[in-house]
Amino acid sequence: MSSGGLLLLLGLLTLWEGLTPVSSKDRPHFCHLPHDPGPCKGNFQAFYYHPVRRTCLEFIYGGCQGNPNNFKTIDECKRTCAA
């Protein structure tokens, strides 16, 4: 195979890897934790990954404690857990 063909193949494989969804075993463990608003009484929009629905959902975060399945934006949640 020519060097141009090898470069094309390498590029296609790289693209394929970027487009392939993350399997549940490759997701960070905290993506499987339930959403946790924490004990504080704040009212902050946040997002968490719902592993059964396999999507990110909105919830109200109290502002303290909680757990790592807590994202400021839906895009951050999707990049981390639903990609």
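Cβ coordinates are placed from backbone N, Cα and C, and glycine is handled just like the others.
Disulfide pairing as given by Swiss-Prot: among Cys56, Cys64, Cys77, Cys40 connects to Cys64. Residue with the densest Cβ environment among the disulfide-bonded residues Cys31, Cys40, Cys64: Cys31, by other Cβ atoms within 10 Å.
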